[in-house]
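Everything below concerns the one structure shown next.
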Amino acid sequence: LRPGSGSRQQDPLGGAEGLALASDPGGTLNFLAMVDNLQGDSGRGYYLEMLIGTPPQALNILVDTGSSNFAVAGVPDPDVTSYFNTELSSTYKSQGIDVTVKYSQGSWTGVLGTDVITMPKGIYGSYTINIATILESENFFLPGVKWHGILGLAYDALAKPSSSVETFFDSLVRQAEIPNIFSLQMCGAGLPVSGSGTNGGSLVLGGIEPSLYRGDIWYTPIKEEWYYQVEILKLEVGGQNLELDCREYNADKAIVDSGTTLLRLPQKVFSAVVQAIARTSLIQEFSSGFWTGSQLACWDKTESPWSLFPKLSIYLRDENSSRSFRISVLPQLYIQPILGIGENLQCYRFGISSSTNALVIGATVMEGFYVIFDRAQKRVGFAVSPCAEVDGSPVSEIEGPFTTADVASNCVSSVSFHEPVLWIASYALMSVCGIILLVLIILLLIPPRCQHRYTDNDVVNDESSLVRHRWK
């Protein structure tokens, strides 16, 4: 790709051939044409316009790096202004396979098929893609959203109903012969969440656009190829280390997910962060409802609350495992304007929440950075985004390198939880249940005097054999 400005920048394509491809305005890739191809905000997500079918039907598609299915509304929905009518497309082919996807909020059920897509501000050309038409949904399409489908950009391990469903981006890499890398910039820093207008952003498919970042790109390895799972070493609030075991930050995974609105933290980490922010902020008494998301905090519009709160820093392991770097967000990113009251008051929400099963670097943090998903070299890169400014001042920082001598050599659980392992575990549990059932049948056939009288404590509860879903 075109050379970057910092010593940390490397050419993901690995040579002059990549330079020629990226700089050829008549070729498949023209990164400048992809700049500002997104609209949206951190509250309702960022979306890309896509033309689907023949003749083309224009739909807005949510960009989500935390799931792997490409799906669009296939029937009218009260919260959706447009949908993909398969009967009007001469190139649509149904596969007749039902698919259900569940997220941390919402779910949908639909049918798999294929059709051709083009992107007015994306890669040149049309491509045949697996597409799920959503026939039923629950808490997925919400009031006020301006998108009509979802573009899952994670790995095929998360694809439903199985990893054999080729993902959207894998199809592009294969058919368009582009490099296996994409990058994402979301420009909503300091702007109202879910406001009346939309903010810009850029999804660059096939590489890196130098105008979308400043300084160096810092890379952290992808630990597992399902979500974009990374390794977090420590957190600081106002420059003070939380002093937690580093495994707490990765319980049970840490991922980079554009489809999640907030910075989500495991409960123990969340509690420590809230206590540290409350302790270091200049506000003596603050409602607990603000921290839990049930209440907004309001200030006079002439005041800026951001000066009252500390900086938040996340340390990620560098590609050189003995080093780390930190990405920092100022309160302009996590104290988010959401509602104006009358002429005098502006209300804000807390852009951090607790999570039961992951640390999720969502839009709250990602709006501060240009994020590179370098699948070819199994790494995620972060660089400061020029649009991450409020009142002309940057609200995000990247610094490094730092030594990792003060943290464990591995902060990620050695147990892998992605779905192939879950299937193996499920089959193993089914086998055990089968053996137990066989033993019970044999015991029932034994004369009564030899039978054991079972108590309630001996019964295997159905819940004991359930495997937790690891879906987003």
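Using the three backbone atoms N, Cα and C, a Cβ is placed for every residue, glycine included.
When you check TrEMBL, the disulphide partner of C411 from the set C246, C298 turns out to be C246. Of the cysteines listed (C298, C347, C387), TrEMBL assigns C387 as the disulfide partner of C187. N320 (N-linked glycosylation site) has C411 as its nearest neighbour among the recorded positions D64, C187, C246, D257, C411, going by CA to CA distance. If you measure from the Cα atom of C411 (disulfide bond) to that of D257 (active site), you get 20 Å.
Checking Cα-Cα distances from D64 (active site) against the recorded positions (C187, D257, C387) with a 10 Å cut-off leaves D257, in sequence order. Between the CA atoms of C298 (disulfide bond) and C187 (disulfide bond) there is a gap of 24 Å. C187 (disulfide bond) has D257 as its nearest neighbour among the recorded positions C246, D257, C347, going by CA to CA distance. In this structure, the CA atom of D257 (active site) is 20 Å away from the CA atom of C246 (disulfide bond).
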